[in-house]
Amino acid sequence: MRRPKLKKASKRMTCHKRYKIQKKVREHSRKLRKEAKKRGHKKPKKDPGIPNAAPFKEEVLREAEQRKQRLEELKQKQKLARQKDLEKKRKLQAKKNATKANKHPEEKESTMKLKAKSNTLLDKNSKKSFCRELKKVIEASDIVLQVLDARDPLGCRCSQVEQIITQSGGNKRLLLVLNKIDLVPRENLEKWLHYLKNEFLTVAFKSSMQLKDRSVQEKKLTKKRAHIDLSRGSMCFGSECLLKLLREHCKTQDKAIQVGVIGFPNVGKSSIINSLKEVRVCNVGPVRGVTKCMQTVHIDKQIKMIDSPSIIAAPSNSALALALRTTTDIEESGKLLDAINAILKHCSKQQMMLYYNIPDFRNTVEFLTLLAQKRGMLKKGGVPDTESAAKLLLYDWTGAKVSYHSLLPASRSLSPHLTKEVVAEMQQGFNLEELAKDNMNTIKAVKYPNLASSIVFQSSGLTNGTIEENELTEGTSELGNMETSEEGEDLTEDDQDSDEEEEAVEEARHS
């Protein structure tokens, strides 16, 4: 069956519609002409040239051609002059480069060394700059305050620094400040004060944690004081006792004194200065190595405090000392695991389980997986983030969060780098009875944790520090020689293989 042919739509329209369209087109073209007339865009008129009837037509044409030739010649001359100038400049530059290339290699080496020296001077984060600044503080100070963490006083002492100060002469004195006393039980604090006073004068101190900048404080003073903050975090204890000691020394010396504040990272050096000044003048934070250069703060007309960078722990120290006393945060996963392993070996396993509210664990990896699950630290797919858990635990132990206390050493003899004459010289000119009374008043005022709730910690002893720049190698890391085999309680009865560790991790994930 043949399909019927489809007819195309007709293009015919009514006359009324066609005339209307034509009218609109005429109006539009008229409008465009008007606008063009207003803008003045007219077609350029052609040069009619010289009419044939004009007199001297040939002479006028000849002059025009000569003018054109002159212009072209002038352009060519200018082009050649520019090219000559460029060639001269290139030759001079080539000569200069040749003279530089023919310089002696010794001169090159000297310039390179000078550049390297300037770069090292500018790098404030380097260990060498820390040592340089620490030396400046010790040399400029009349009294040096060595700040110790009350949770591990022996581990915060540096025998090299103490030896430099005691052997420097010139009536330089060394005092110990036992900071963070609110994180240890009272009985343990009293024992440590009694132990340390046999070597150096020791002041019990609890720094304020909620100080604000001067500008913020001035704004608050202008307003009406509706509420006074009397919380424990905002209060400072031991500042009167310390200032009393320093003012006594000012009277005996009959001059204004400079007091240097030194110590390992996160012991509270800057916080003590802020507490004495009652304003936040020095930067503080949980991150290690916040203070990078010496900073002077005037307490009053007679006393000037000098803040210093942290003492750098020597690589020869034990794994525990390197975990808690390094100047930079540990980032590598292998070193983090070694650091946590060292802390766990020096603590009671049952107390760690109770504090972090986790079940029994067989090794460090299992402990970190359980802690990550408890704190909700999970990666993609619900895998426990053990690295973040390890960093959190290190922040807890170096910051002012975990309450733990270290036991006193069995031998009560003097440290090897001290003698009775040095101890007597350091205590000369101070009223020991008044200091003991003030310390007792400070102890009574502070609120302490219970002995049962505080974690028992085995200290690794005095921490070795590097003072000389020659002993430092910037490229090597402080945790390079961490060894997991140390004295103390083992977490497991027998050595376990890597297969068992993997099984433990899997069990912890499924639980």
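Going from the start of the chain as shown, residues are counted 1 onward.
Quick reminder: no glycine exception, Cβ is built from N, Cα and C everywhere.
TrEMBL: automatically predicted annotations, no manual curation.
As recorded in TrEMBL, the features of this protein are as follows:
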COMPBIAS  1-45  compositional bias 'Basic residues'
COMPBIAS  72-88  compositional bias 'Basic and acidic residues'
COMPBIAS  89-102  compositional bias 'Basic residues'
COMPBIAS  103-112  compositional bias 'Basic and acidic residues'
COMPBIAS  466-483  compositional bias 'Polar residues'
COMPBIAS  484-505  compositional bias 'Acidic residues'
DOMAIN    131-314  domain 'CP-type G'
REGION    1-58  region 'Disordered'
REGION    72-113  region 'Disordered'
REGION    466-511  region 'Disordered'
Item to check | Model confidence over the domain 'CP-type G' (131-314) (mean pLDDT, whole number) | outcome: 83
Checklist entry - Residue counts in helix (H, G, I), strand (E, B) and coil for the region 'Disordered' (1-58), per DSSP? => result 27 helix, 0 strand, 31 coil
Next on the checklist: Per DSSP, what is the helix/strand/coil residue tally across the compositional bias 'Basic and acidic residues' (72-88)?
Outcome noted: 17 helix, 0 strand, 0 coil
